Amino acid sequence: MRSSKIRCPGAIRVGTLVTAFGCLPHVAFAAAREAPPVTPEVLVRLADIGTMSASETTPLLSLSPDGRYVAFQVRQADPVTNLNVFRMVVKATDGATDAIDVDVGGEYLFWTIPSWGYARNAPSGANLTIQPRWSPSGTHLAYLRQDQGRVRVWRASVKGEGASPVIEDAYDIEDVQWLDDNTLIYSGRPGFVEAEAEIEREGRRGWVYDERFHPLTGARPRVLEPISIVYQVLDLKTGTRRAATPTEVARLREKPDPLRAMVGRTTFSVSRTDPQNINAPTTLVARRGEGEPVRCDEEACQNITRMWGDETANVLYFLRREGWASNEMALYRMPADALKPVRIWHATGLLQGCERQAKRLICAQESALQPRRLVTLNLTSGQMSPLYDPNPDLSRYRLPKVERLTLRNRNGIEVFSDLVLPPDYQLGTRLPLVIVQYSSRGFLRGGTGDENPILPLATAGFAVLSFHSPRSEASYQRFTSPIAQSKAEYSNWRNRWNILHTLEDLIDDLDRRGVIDPARVGLTGLSDGATTVHFGLINSHRFAAAVTSSCCTDSFTASVMNGPRISGALKAYGIETDQADDGPFWAATSFVVNASRLDTPLLIQSADEEYLGALPGFTALQQARKPVELIIYPNEHHVKWQPAHRLAVYNRTIDWFRFWLMDQSDPAPDKAAQYDRWRALRALRQKSPSPTPAP
């Protein structure tokens, strides 16, 4: 695959607008109006480096021992075959040669971790980030790959001479590392397989319903902790295996600390200014040898997310979040013997998985109109240059306009979000607004969970608010534990009111500017964003249509569907799982007790794994003769992972908002039944009594 040759470190800025043509060659400006639009089909096929849920510290990339090459995994969805294609890619860090696909294949490997006392949680739907491991000589990669449901270790030649499995066991391999060019250490949990087999045997007599069950994700007991990790060493030449020594285990378990670095005899780390306050600012601390720690008092030393030491130059480099509501990322350079950092780069986009290579960082980078790609960032000048773009063709499409919004909400909290407008938007035109939640850092794809296609919605004529949830009021207060803070946030749904008020403040701001029609506002959400949808429809009159990816926020879902283990844990965090829907806690969020006073058309696009939790609220709305539709996608999880389903969700979301906010329909014959149902819902709505106004 060829790497991108487009020299476009970032989009062109005109005031606060990011132009749709920021990454087009100059010769393309004349033809921009003829460029094709970004459709759901285009969006769903964009290739991804790593996983959709990557953070600044997610290890997306792997540098070769000599620093000349970088390896990473690329995933691309195909909605026609309903498959995700995985490629292991090697790219020269100097950009001189094209990237090489050293392996193509494998199945979608779900990200699962121990949580809530379960040995392995139910898949969220996000894929596991696969970080390949370089052999000491730099000739091969070792990495995890799943085929036919089994996770094995594969080895690939970095010259593209072939790849094959080298470690297979009766259990899934969970981690791997080289000890030398011919020896690998790997880990897994054979006890998990044994525990699953015991559950299968128990099923012959019938399972006792107990704390092992999580009904929302299945009717089968889950394996509980603890399950021991086993470490094995494989000799690739002889094929012999043995138990790993403690020293070898330490080699595998050792992971770099993103918030710790050495420069000479000075150790740099990050600590809170008040160790007893979980919300106290974090700041840089330097300790020379065995001396006393010295705290950096500069504002630039706070909110650090990554750091690297350069002993040759006697310099520390670090990334931090800064600016209004921490909406920017910045890179700083600081002499090791003087706590005076100097900023050398900043932007509103994202840098993820950065690795230092001599005087450069190699990072995965994305911005509002730029999907994730690889870039180099010069540690002296701050100049960013593209290294590898898995989606070079996106630049030929006609992209919407993006404006970064900043305001202080009615609670005094700094907020940022992004306004996305159609490519041909004319100033002064009022558009229907669709709100997509609840993170707006990086590429504006589909919001959290990637279900609400921002660019195609804008292309369809909507203004789109890519909403970034504000910090909670409680996060500015002193708490000694997350549980204590959570209880404060759930008290009277304090944080949910803060989110809803922020949404209303942004709607009012866009209304004052004449950008939107406040009578035609749609709201979407997944996970925590879905809770905001439920809360917003009950407690506000601002929303004319809504789409949610899960449902509902009520006593049944929190207590019954979460099972005894999780429901008990949720209660400790301030969620009243033992209170009925008509009690004071759930009255603000439950459709069951509020159905008669709602009137907003609601589309629920649920995974089959979660739809049972939607039935009480959905049924209450149906019985109250309210406009609601429930779509269930088979073999899906909290985040939908199948390309065909993602495309269907994209298209149905656009159709729903076009129908309710624009009074438009798609004439495609295969959608006739859909619109028959929706016209029946509209007729039902017109016959229903007026809803009770929100408080």
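The backbone N, Cα and C atoms fix where each Cβ goes, glycine too.
Feature annotation from Swiss-Prot assigns signal peptide to 1-30.
In the three-state DSSP scheme, Trp116 (site 'Important for activity. Binds to Astexin-3') falls into the coil class. Annotation source Swiss-Prot lists site 'Important for activity. Binds to Astexin-3' at Trp116 (among others), citing experimental evidence.
Annotation source Swiss-Prot lists disulfide bond at Cys296-Cys301 (among others). Other C-beta atoms found within 10 angstroms of the C-beta of Cys301 (disulfide bond) number 24, with every protein chain shown included.
As annotated by Swiss-Prot, disulfide bond applies to Cys354-Cys363 (among others), with the evidence given as a large-scale study or a structure entry. Within its own chain, Cys363 (disulfide bond) has Leu61, Leu351, Gln352, Gly353, Cys354, Glu355, Leu374, Val375, Thr376, Leu377 as residues 6 or more apart in sequence whose C-beta sits under 8 angstroms from its own.
Per Swiss-Prot, the feature active site, nucleophile maps to Ser527. For Ser527 (active site, nucleophile), the count of additional Cβ atoms within 10 Å of its Cβ stands at 17 [all protein chains shown].
A 10 Å cutoff on Cβ-Cβ distances gives Cys551 (disulfide bond) a total of 27 other Cβ atoms nearby, all chains included. Taken from Swiss-Prot, the feature disulfide bond applies to Cys551-Cys552 (among others), supported by a large-scale study or a structure entry.
Mapped onto three states, the DSSP output places Asn562 (site 'Important for activity. Binds to Astexin-3') in coil. The site 'Important for activity. Binds to Astexin-3' annotation in Swiss-Prot covers Asn562 (among others) and is backed by experimental evidence.
What Swiss-Prot records for Glu610 (among others) is active site, charge relay system. For Glu610 (active site, charge relay system), the Cβ neighbour count at a 10 Å cut-off comes to 23, with all displayed protein chains included. Look at Glu610 (active site, charge relay system): DSSP puts it in coil.
As annotated by Swiss-Prot, active site, charge relay system applies to His638 (among others), with the evidence given as a curator's inference. All chains included, 21 other C-beta atoms sit within 10 angstroms of the C-beta of His638 (active site, charge relay system).
Neighbour density at the Cβ, taken as the number of other Cβ atoms within 10 Å, is lowest among the disulfide-bonded residues Cys296, Cys354, Cys552 for Cys296.
The closest partner of Asn562 (site 'Important for activity. Binds to Astexin-3') among the active-site residues, by CA position, is Glu610; the full candidate set was Ser527, Glu610, His638. Shown in sequence order, Arg565, Ile566, Ala569 are the residues of the chain, 6+ apart in sequence, with a C-beta less than 8 angstroms from the C-beta of Trp116 (site 'Important for activity. Binds to Astexin-3'). Separating the Cα atoms of Cys296 (disulfide bond) and Ser527 (active site, nucleophile) is a whole-number distance of 38 Å. Taken residue by residue with DSSP, Cys301 (disulfide bond) is part of a helix.
You'll find the Cα of Glu610 (active site, charge relay system) roughly 7 Å from the Cα of His638 (active site, charge relay system). Relative to His638 (active site, charge relay system), the recorded positions with Cα atoms inside 10 Å are Ser527, the candidates having been Cys301, Ser527, Cys551, Cys552.
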